Each structure stands twice: as C-alpha cells, then as structure tokens.
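Before any comments, here is the structure.
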Amino acid sequence: MKVMAQISMVMNLDKCIGCHTCSVTCKQAWTNRTGVEYVWFNNVETRPGVGYPRTYEDQEKWRGGWKRTKRGNLKLKDGGRLWKLAHIFSNPKLPEIHDYYEPWTYDYDMLLNAPAGDQIPVAKPRSLLTGEDTKISWSANWDDNLGGSLETMQDDPILQKMSESVEAEFSKAFMFYLPRICEHCLNPSCVASCPSGAMYKRAEDGIVLVDQDQCRGWRMCVSGCPYKKVYFNHRTGKAEKCTMCYPRIEVGLPTVCAETCVGRLRYIGLVLYDADLVAEAASVEDEHALLAAQRSILLDPNDPAVIEQARKDGIQEDWIDAAQRSPIWKLIQQYEVALPLHPEYRTMPMVWYIPPLSPVVDVVSGSGADGEDARTLFAAIEKLRIPIGYLAEMFSAGDPDPVDLALRRMAAMRSYMRGVNLDGEGDERIARAVGMPGEDLQEMYRLLAIAKYEERYVIPSAHAEQAHDLEEMGCSLDFEDGPGMGGAGPFGSSSGQSVPVAVENFQSLEARQTADRPSSPGRVNLLNWDGNGTPRGLFPPKGKDVPQGDMGPVQSTGKRNKGKDV
Amino acid sequence: MSPIEIVLWVAVPYVSIIAFVAGHIWRYRYDKFGWTTRSSQTYENALLRWGSPMFHLGILMVLAGHVVGLFIPREWLYAIGITEEMYHWGATVMGSFAAVLTLAGLAILIYRRRTVGPVFLATTVMDKVMYVFLALTLGFGTLATFVHQVFGSGFHYRETISPWLRSIFGFQPQPELMANVPILFDLHVLSALALFALWPFTRLVHVFSAPVGYLFRPYVVYRSRDDVQGTRAPKRGWDPISTPDPQRLRRP
C-alpha cells in the first residue's frame, strides 16, 4: 500500500443554476490573456447539449483516455508511444480552434469615433485570430439553457449513445447544468500522452500541472485528455490547463471557481488513495465495475492501518486530519451520492458530481403531485427512464443503479427533512428505504443544504517549513506590453522569461498584519512601518524608561510588556 | 589560397559553428519558455496534415543522407562492400526522393503560412528569415543534386566537400579542398552555414527537443512540489528568500 493524498472536488449539480459565475471568475483569474481567449479552464454546459469543445465526449471520434487491451492492460486509446511519436508532426485527433469557437472582440472604437450620421453606430465583431470582421456562429455556451438546441442537441454524444430522442421543447425538456474543470485524474491520460514529460501529477496533492519551461508544444495532451481540459495556447505554443488554483490551495484557500460559486455547491477536500492499486482499478474489465473499483482504492482516513501507512509515506498529521474531515470522503464513500464524470474513460477522475434531482422534482411538482413526498419521488425516479439513463451514461458508464441510489438518497433527504421541520421528527422509514440512518440524512442535509464554508472547504495548507517556496518574486510590470517587458520579444510574443504566477500569500499577509512585530528587521520608517510595535526613531522618546542602548529595531511599550525588564 | 577562400571555407564555418553552439546554450538558459514548436495546427489542419509530415519525414531522410555522405569516409563504406557506383546510385535516387518530398512539404507549408489568416498573423519576423534560408539551402541542394548528380556526370563530393567538412571539425581546416567545387554546391554549403548560425534564434530549436525519452519513461509522471521551483536555476540576486527567523526578531 502506498498512500497518497489527492485534492479533489465534488459539485452538487442539484444546486447549480447555471449562472456561469465560476467560469467568469476563473477566466478573469487565469485565461484573460492573448492566446487563450478561447480557453475556459472552468466552463458550464447545459445538458443535454454538445458541450465544449463540441461533442468532446465522443471518444470514437476524439480517442481520448485509456482503453483496456485484450490482455487486460491499459493503453492510451489513441495508440501507444510509437504511434504518438509517429504522429507528432501532425496530430490527427487535435481539435481545431473551430471545435471550440473562434474568439472575437468588438470594434468598440467605432462606437466612439463614428462620424455623425442617421444610424446609430454598431460595434462589429472582429475575429481575434485574423483581425477580420467575423460572424459569430458558435461560442463556449452557444446552446446555453437549451437555446438553439433543436438544431444541435441530436449531436450530443450521450443521446446518440442512448439512441433516445429527447423532447427538446422547452416545456417538456429535462435539463441540467454541468460545470466542468480539469478532473485531476488519478490515472491521467494527458500526462501519459505528453512526449516531453512536461506534464506531471504533484506527489503531495495530486494536482496535474504543465511545466511551462519543459512543454515543447507537441499537443498530444490535448488529444489525450478525454475531457478536453488541456488547451493549447496558440500564441505561446504551450499547453495550459486548470491548475486547481494551486497558489490558493497551497495557502488553504478554495479555488476561484469554488470561492465564487453563488450556489455554494462545490466541495473541496482531500482523499487518501492507494497509489499501488490505481492501474489495477483502472483496468477492470466491466465498465460498470469501474465506479466501484475507483471507490475501492480510496482509503478510509480513520482506519488506523491507513493512518500508520500514511505517516510512513510522508503525509503530515494536519493532512491526515484534513482527510478525516474531508467532505469529499463523506460524499463519495459515506453517503455515496457523488459520482465521477465518465468513469469509462478509465482515467480515474477526481472531480465528482452529485446528480441533479431537480429535473425529477420539477416533473413531479409540475404534474401537481407533492414534490417532497418520498414515495412519489421514488416512483418518479423509477419512471423517468430518460433522465436516469442520461445521467447514468455520464456518471456511471451507463449503469443506472448508482445514479438511482444517489437520487433516492437525495429524495429521501428532502422528505425526511420536511418531516423534521414540520412534524418535529423525520420518518425513519424513509431513511431505512435508502439504507441510511436518520442521523446520516441529517448530517448530509447539513453538508449539502446548509453548506457552511468551513465544512465545504477542508483544505490543509502546504507546509510551513516549505513556506518560502510559495513566495514568488517578480516585477508586477512584467506583463506583455508592460513597462517592464517592452512587449513581444524577438522570438514571438511571450518568449523570454516567463511571468511568475502572482501569489497573494493569504496566510503570510494575514500573519504579517496581525503580528505584534514589524515584518522585516532593519530600520523602520513611515513608509515601511506596518503599524505594529513602536519602532525606534519613529516616535519621540517617552520618559526615562526608554533605553538608549542597541536593543534592536523593535521597542514595544504597550501593556503586553508591562512589568518586563526592558 | 585567396583571402576570400579562407574567409568562406575557414572563417565562415567556424563563425557559424560558434553561433550555433553558443546560441543554443544561450537560448536554452534565457528562453526555455520560448523553446517550442509553436505549432499552428489549431488554426488549420487540412493543409498541415499533408505538408508537415511530408516536410519532416523528408528532412529526416535528408539528414540521414548527409550524415552518411559527409561524415563517413568512403573508405569505410568500401570496406563493408559499398562501392562508389552503389553509393552514387543510392544517394542520388534516395536523395532525389527525399528532396522532392521535403520541398513539396515546404511548399505546402509556406503556401499555408501565407494564405491562412491566423497562421500568417502568428508568423514572426524570425520565422520569415528562417524560411528564406531554409528554402535557399534546400533549393540549392536539390538543384546541385539534379544538375550534377542526376543529369550531369556526377560530382564526387566525397573527395572534396566531405573531407573539407571533417577537417573543419578536426580543427585542421583544409580550404584548398573546396577550390574546384561547383558553384551550386558552394551556394548550398554557404546558405546552410547561414541557416546554422540563425538556427538557435528561430523555432528550429525544437529539433533538439525530439522526445525520444518518451519511449522509455513511465506513463504517469509524478513530481514533488519541492522539486518544482521551475526548471531554471534562480538568477543571481534572486535566490529564494525565506521568512525571517522569529528568534532573531525577538529581543533577548
């Protein structure tokens, strides 16, 4: 057994209202640069729909992820190492930019400088690739809220797999939102596809990253990832991807998408897993067994044997403690309501989803029945074949049972808590019907519905003895075209020394602001004084107890030091 | 030995070699981030699908041919039974094939670069300069092969150019060997030397990133956060700083 820690996320789709706040804040934080205009590390898709990039889930076309060979081994679905190297000059499975969308801006200048005329001036869309006028015909959210879905919805790879037709009429539709980030898989096929070895999984927290200095732009990661969550920066010629906001995670803060989530539906925490068993679990023959296999390699953080082995494998105490308090562990293993996205890709994704009950509740309430009555809901879950089948294709490789159980538990929680609120106690029969004690349902309710910040995000910070590693030095003027850089270098834009990731070191900032001593030794003046202590030379001498000797830069005169011999 | 010949066949090659070696070292230290293929495949794939593999496979064959022709003394080949006729015939046939493949690929790529809007916009000045010298080198080389080897009587460059080049690398330059070389071969050599001098400052650096290691490493790469302080060493004066030692800040 080799215990490793993994930062992972669970999203409660039942609460997602599709507001795209996560996407927008993520984009502002990470991809508001040239070269990645079309890139959304976090995007929110309306399902049923074709997704972003279009039809990315159709692995017969894109050939991302892994496949199981006849001998039971795992092989990249697109082909082995030699195949990859043979196709390095032109990657046949690389999505073109039009599979995402052509990025554009508007000719805003026209609004200001148009000559006086009869018509109101219009800002025409301009392509950011060619600079020419363009006609916007697709975007990351073209079919948002099923808009225009009558034309494209039948291309949804999952619907095609189900060979079902879904009523796309607005009144009859079933619909939900799917926010997606990088899955930070336990068995990442993007990392396995990278010829340069520039992509790696961090041993401490399992975050999958691209070493920008080592990436040579071979583009195999883009096609290797079945979720299409590695992107090609067309200006720098390097791969970029969701970083799980590692500078924030390292100081104990949730990711930007999670922090800004209006619905408070994202959960971040640690899970411990057995790294020795990953390959075995990912190569289980039956696709329906993949979910159970992945659950089986997640280790119980309360098991003494696991704790002991974790210590041996160098996992610190506070990380073990965080794993024990992890909301992820509870949602995946205890309540079994969270499910992975497309386990059949065999990458062992670590961003899991609680399937949405709301389409079911909507149907029940819409028909005039009681949307909080357990029996009605259970019956509806059984009856609504298409939504369940669809969810099963997404979250359990087509096996309806795990989705069914998760939805029943959500429904049970709903009506059990109605009992608690209206009758003063929950109906234990409801709890028993889904195989959970009533207390567990109440705890689950607390985690999912009350969703306190501290319970949603249990993120141990990186270790203090490594704290200096978190501080990056860099000039804030060194951005492209900035005064420090002078624009594009001779080798094209963005070559030369890269701009360091600016880290707002939350913990150290807070520590400095609340410390009772100056943050830096040496002479303190009005410009670098942070308000703490009473630096020498800043204040007039105060009575005879002020020493004249060399006592260092700090002189505290507050009550704190009363009675001490100064 | 006229001064101009000394300059052309002694000075220029060494300048080119120094620029090539020192340039790569400098570029690698200064600009690891810019060290990439700068692929434009996301913009356009229909032409690239044909042009890029044709060019790259062709140029690899050309490279292999040059290694055999320039660096392996013909006596060695005689020793393993490859006679002058066999060599000449093989080199001419395979060389012509590789040249046509490379040039056709290059033509497709240059056409694509000029006509596809986003690709043209992403082309830097250095790219354009590089294309000129690359095309000149390939063009003169092909022309020399066709004029002298295919349609002419055959020029024995293994008696002249090859030993001259080896003499350069042996630091005993023999410029006199280049005295009677046909002008097309001269131009081919000189444009190649110019290309090599430019090489480290163009996107051609990606040649040295050929990912051979991929065949031998495990699929999934793990790295510790502690090791990942970038792959470049911190510059002087930018050593990592640590938080001040609280003990030293406290009064005794």
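The first residue you see is number 1, and the count goes up from there.
Glycine too: its Cβ is placed from the backbone N, Cα and C atoms.
Automatic, uncurated: that is what TrEMBL annotation is.
Note that this is a predicted model, so its numbers are computed, not measured.
The Cβ of B:His188 (heme b 1 binding site) lies under 8 Å from the Cβ of B:Thr137, B:Phe140, B:Gly141, B:Leu143, B:Ala144, each of which sits 6+ residues away along the same chain. What TrEMBL records for B:His56, B:His188, B:His206 is heme b 1 binding site.
For B:His66 (heme b 2 binding site), the Cβ neighbour count at a 10 Å cut-off comes to 16, with all displayed protein chains included. DSSP gives B:His66 (heme b 2 binding site) a helix state. Annotation comment: TrEMBL describes B:His66 as heme b 2 binding site.
Residues annotated as domain 'NarG-like' in TrEMBL: B:6-225.
Annotation source TrEMBL lists region 'Disordered' at B:230-252.
The feature transmembrane segment is assigned by TrEMBL to B:6-26 (among others).
If you look up TrEMBL, you'll see B:47-72 (among others) marked as transmembrane segment.
The transmembrane segment feature in TrEMBL is assigned to B:87-111 (among others).
Non-local neighbours of the transmembrane segment (B:131-157) in the same chain are 62, 69, 88, 91-92, 95-96, 99-100, 102-103, 106, 110, 113, 181-182, 184-185, 187-188, 191-192, 194-195, 198; each lies 6+ residues outside the stretch with a CB under 8 Å from one of its CB atoms. Taken from TrEMBL, the feature transmembrane segment covers B:131-157 (among others).
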*Which of the binding-site residues B:His66, B:His188, B:His206 have a Cβ lying under 8 Å from any Cβ of chain A?*
B:His206
_Taking residues B:His56, B:His188, B:His206, which bind heme b 1 in the record, the widest Cα spacing (Å, whole number)_ = 23
*Number of Cβ atoms other than its own within 10 Å, given for B:His206 (heme b 1 binding site)*: 17
*Mean of pLDDT values spanning the domain 'NarG-like' (B:6-225)*: 94
*Calculate the distance in Å between the alpha carbons (Cα) of B:His206 (heme b 1 binding site) and B:His66 (heme b 2 binding site), and round it to a whole number.*
20
*asked:* Can you tell me the CA-to-CA distance separating B:His56 (heme b 1 binding site) and B:His66 (heme b 2 binding site), as a whole number of Å?
replied: 15
_Cβ-Cβ neighbours of B:His56 (heme b 1 binding site) (radius 10 Å)_ = 18
